[in-house]
Structures are given as C-alpha cells and as structure tokens.
C-alpha cells in the first residue's frame with residue numbers, strides 16, 4: 001500500500017467518520033420525530049425506489065468511467081479528456097431526465113407494484129406516491145455528483161468527494177431539528193432533494209480547478225462512449241439485481257406490518273456504520289490505484305495492493321462485527337430509543353442487527369474484489385455472481401420471513417453476501433493466477449481468532465457492567481464504550497502477538513511519524 005493510497009484513505013476516513021457521526025445524529029432525529037411508523041417506511045421506500053432506478057446506472061457510470069478516464073489522463077491530451085468528460089455528462093443527463101419523467105408519470109403503479117403493503121390504507125398509499133414523485137427529482141443531482149466524483153477520484157483527489165456526505169447530513173439534520181414538526185415527511189423529502197443538490201454544487205469548483213469546463217457537446221458514436229457502454233451493461237445488470245434485492249426486502253417487509261421497513265433501515269444503518277467509514281474509504285482509494293496498476297500492466301503491484309486492501313478491511317470489520325453482535329441491544333437503545341421510537345421498535349431493530357452483522361464482514365471484501373474485476377475491465381464476472389446472489393437472497397427471503405419475520409430478511413441478506421463474496425474470490429483467484437490466497441487465509445485466521453477472544457471478553461464484561469450500572473441510558477453508555485475500549489486492547493494485543501503484516505506496517509508508520517515529531 002503506497003503512501004498516496006494511505007494518505008487518501010486517511011483523508012476519506014476522517015471525513016467519513018464525521019459524516020457517519022452526523023448520519024447517526026440524522027437517523028436518531030428521524031427515529032425521534034417519526035419512530036418506526038408508516039411515514040418512516042414511506043421515506044425509506046422512496047429513497048430505495050430512486051436507488052433501484054438510478055443506483056444501477058450510477059454504479060455503472062462510476063465503475064466504468066474511472067478506468068477509461070484514467071487512460072485519458074495517462075495517455076491522451078487534455079483537450080481529448082475534456083471533450084470525453086463533457087460527452088459523458090450530457091449523455092447521462094439526457095438519460096436521467098428520461099428516467100425522472102418516467103418515474104413521475106408512473107409513480108402510482110410503481111408504488112402499487114413494489115409496496116403492496118401500502119395499498120391497504122389509502123392515505124398511506126397516496127402519501128407514498130407523492131413522496132416518490134418528489135424523490136425522483138433528486139436523481140439528476142445524484143447523477144451529476146457521481147460523475148464529478150469519478151472525475152476527481154481519477155485525478156487522485158479524494159478530499160472533496162469525501163466531504164459531500166457531511167454537507168448532505170447537515171442539510172437533513174437542520175430540517176429534522178427545526179422544521180420536521182411543521183412540515184412532516186413531505187418537507188423531509190424536499191430537504192433530501194436540496195441536500196443532493198448541495199452535494200453536486202460543492203464539487204463544481206474542484207471540477208473547474210482540474211482544468212475542466214462544461215461544453216454542450218454530444219457524440220453518441222464516440223468509440224470511448226461505446227466502450228464505456230459495453231462495459232456498463234454487465235455492471236448495470238449486476239447492480240440492478242442488487243437493487244432489486246434491496247427492494248424485495250422492503251416489499252416483503254411491508255407485508256409484515258407497520259414500521260417493518262423502518263426497523264430494517266435503522267438496523268442496516270447501524271450495521272453499515274463501520275463499513276461506511278473504513279471499508280468504503282479503502283474501496284474508494286484502491287479502485288483508481290488498481291486501475292492505474294492494470295493500465296501499467298504491473299501485476300505484482302496490483303496483487304500487493306489488492307491483498308493489503310482486503311486485509312485492512314478485515315482487520316477492522318471482524319472485531320467491529322463481533323462487538324456489534326454482542327452489544328446490539330445497548331447500541332440500539334443509545335442511538336434510537338427515544339421519542340416515537342419505543343421499546344418494541346428497539347427490540348426488533350436489535351434482532352435485525354444481530355442477523356445483519358455477519359454479512360458486514362464480507363460486504364467490504366466483496367466490494368474490493370468487485371472493483372478489482374472492474375479495474376481489469378471484467379464486468380461480466382461480478383454481474384453473474386450478483387445474479388446468483390440475488391436469486392439466493394430472494395429464495396431465502398421468502399422462506400425465512402415466514403419463520404423469523406423481519407429478522408429473516410436480515411439473515412437472508414447476510415447469507416447471500418457471504419456466498420457471493422466467496423464466489424468472487426474464487427473467480428478472481430483463477431483469473432489472475434493466485435491473488436495470494438495462502439497469505440489471505442493465514443491473515444484471516446489470525447484476525448478471526450483474535451476477534452473471537454475479544455468477543456468472549458466483551459460478552460463477560462458487558463454482563464458485569466449491566467449488573468453494576470443497570471440497563472438504562474447511563475448503564476448502556478458505560479457498557480458500550482467500556483467494552484469497546486477493553487475489546488480493542490484485547491484484539492490488538494492478540495494481533496500484536498500474531499505480528500500481522502498490515503498491523504506491523506501501520507505501527508511502523510506511526511513510530512516514524514512520532515520520531516519526526518520529536
């Protein structure tokens with residue numbers, strides 16, 4: 001992992017931590033204002049609907065745009081690069097506007113199809129249609145932000161894209177704190193659209209600072225656009241099935257009862273917190289790095305960066321998952337249990353969190369492996385594995401929701417993520433003739449054993465602290481943070497004994513920095 005990769009990761013982690021902390025405050029205020037109610041269900045559903053339609057296209061743009069733009073930066077003139085970027089902006093803009101119009105016109109039928117549980121109450125159904133219509137507008141800002149983020153990341157500029165999440169959360173938090181009581185869920189939808197607009201506008205100065213200027217230029221027959229489209233199709237299909245999977249979860253949740261989507265959403269937000277800070281940071285930085293090594297045909301550096309990226313993710317995600325599984329109830333109580341979010345909602349959310357957690361370990365690894373395929377311009381393999389995963393998830397959803405309710409949907413997601421990740425690792429290992437499986441398995445076993453020991457210590461300590469300080473807010477805070485501190489000491493003590501390469505690497509960097517400071 002070179003210094004630029006490390007520096008980029010640290011910058012992203014800092015801003016992502018800030019964004020995630022604000023995101024927690026946002027979700028806490030959302031739970032406080034609306035609880036596990038139909039309003040929360042509607043808002044969460046509408047966001048999921050937008051991601052179903054645009055998420056796949058946005059992912060296709062991001063994953064195919066960066067490698068091609070990286071080639072332009074490495075091998076072609078600035079004029080060619082600017083023309084290509086403007087062509088992408090204009091073509092994507094037209095396509096997204098078409099999707100927005102389609103969504104607004106047919107929103108009633110879309111809600112009927114994907115949220116059957118809302119049809120039982122006319123007021124709830126009409127509100128879901130209204131919120132969905134409004135939310136579709138945000139797609140144009142999300143699209144432009146995705147393109148601008150890809151441009152900046154291709155130039156190894158990670159700071160501004162990492163900061164936009166902070167801006168979005170500030171806008172939504174301001175609404176929830178000051179205006180939600182007056183304007184309700186419709187106002188929250190408008191605030192979300194505004195937040196997406198602010199994210200896009202914030203990136204414009206950096207876009208110009210890199211020498212780009214907007215031009216009204218179209219060329220649908222450009223060979224690079226055609227190459228991008230060819231690469232995008234499998235990505236869009238692969239991501240679409242993932243988004244369909246997400247929507248099927250929500251669709252089945254509407255049949256369980258009021259607040260079920262909200263419970264899944266709140267549990268998923270907690271589950272993805274650590275992933276969103278560390279795994280996303282590594283994935284974001286490693287993708288253009290892998291693309292560069294691929295363009296240079298430097299296979300050794302490519303494999304080295306890939307394995308280090310996976311191991312750094314596992315180094316954090318394994319203990320974080322164990323900690324969250326053991327302390328799920330006090331964590332949910334601290335973050336959400338207040339206002340309209342009652343004891344039953346907290347209990348159901350903690351159960352869903354328990355079954356979501358195992359999948360969290362593998363989501364980050366899956367994303368890194370997926371980017372590894374995209375960086376070598378193989379978009380078909382992730383697509384095929386994605387289809388396998390979504391079919392498995394839907395089957396498990398249908399079976400487990402009848403047995404376990406909302407928790408069954410969470411468990412189905414975890415199982416499918418684990419299966420897809422293992423399939424992707426096997427495929428990549430075959431494609432590039434051993435990515436370093438022996439080293440990867442050895443490191444994983446060391447981290448897993450360390451996490452299990454830490455989990456046992458945290459479990460015992462949590463019981464002791466609950467007996468001493470109770471299970472109220474004060475007791476929960478003492479337990480969660482006390483166990484986090486002791487658990488971290490135990491885990492990294494074990495890792496130190498095992499002398500894990502990535503751990504030793506970071507320790508040496510810190511030592512060098514301290515020596516320089518002294």
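Using the three backbone atoms N, Cα and C, a Cβ is placed for every residue, glycine included.
According to TrEMBL, the feature transmembrane segment maps to 45-68 (among others).
The transmembrane segment feature in TrEMBL is assigned to 88-110 (among others).
As annotated by TrEMBL, transmembrane segment applies to 130-151 (among others). Residues of the same chain lying 6 or more positions beyond the ends of the transmembrane segment (130-151) and with a Cβ under 8 Å from any Cβ of it are 42-43, 45-47, 49-50, 53-54, 57-58, 61-62, 65-66, 69, 85, 88-89, 92-93, 96-97, 99-100, 103-104, 107, 110-111, 161, 164, 185-186, 189-190, 192-193, 196-197, 199-200, 203-204, 206-207, 210, 212.
Positions annotated as transmembrane segment by TrEMBL: 158-177 (among others).
Look at TrEMBL and you will find 183-204 (among others) tagged as transmembrane segment.
Feature annotation from TrEMBL assigns transmembrane segment to 225-248 (among others).
Beyond its flanks by at least six residues, the transmembrane segment (272-293) meets 2, 4-5, 8-9, 12-13, 16-17, 19-20, 23-24, 63, 66-67, 70, 74, 153-154, 156, 158, 161-162, 299, 301-302, 305-306, 309, 312-313, 316-317, 320-321, 324, 360, 363-364, 367-368, 371-372, 374-376 of its own chain at Cβ-Cβ distances under 8 Å. As annotated by TrEMBL, transmembrane segment applies to 272-293 (among others).
Here TrEMBL flags 305-326 (among others) as transmembrane segment. Nonlocal intrachain contacts for the transmembrane segment (305-326), taken as residues 6+ away from its ends with a CB within less than 8 angstroms of a stretch CB, comprise 1-2, 5, 270-271, 274-275, 278-279, 282-283, 286, 289-290, 293, 353-354, 357-358, 360-361, 364-365, 368-369, 372, 435-436, 439-440, 443-444, 447-448, 450-452, 454-455, 458-459, 462, 483-484, 487-488, 491, 495, 500-503, 505.
Annotation comment: TrEMBL describes 346-369 (among others) as transmembrane segment.
The transmembrane segment annotation in TrEMBL covers 406-425 (among others).
According to TrEMBL, the feature transmembrane segment maps to 446-465 (among others). Cβ atoms under 8 Å from those of the transmembrane segment (446-465) belong to residues 314-315, 318-319, 321-323, 325-327, 330, 475, 478-479, 482-483, 486-487, 490-491, 494-495, 498, 500 of the same chain, restricted to positions at least 6 beyond its ends.
Residues annotated as transmembrane segment in TrEMBL: 477-498 (among others).
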- Note on the structure: With the cut-off at Cβ under 8 Å and a gap of six or more residues from its ends, the chain residues touching the transmembrane segment (406-425) are 245, 249, 252-253, 256, 260, 263-264, 267-268, 348, 351-359, 362-363, 365-366, 369-370, 373, 381-382, 385-386, 388-390, 392-393, 396-397, 399-400, 435, 437
- Task: Mind checking which residues of the chain, 6+ beyond the ends of the transmembrane segment (477-498), have their Cβ under 8 Å from one of its Cβ atoms?
- Result: 315, 319, 322-323, 326-327, 330-331, 334, 446-447, 449-451, 453-455, 457-458, 461-462, 465-466, 469
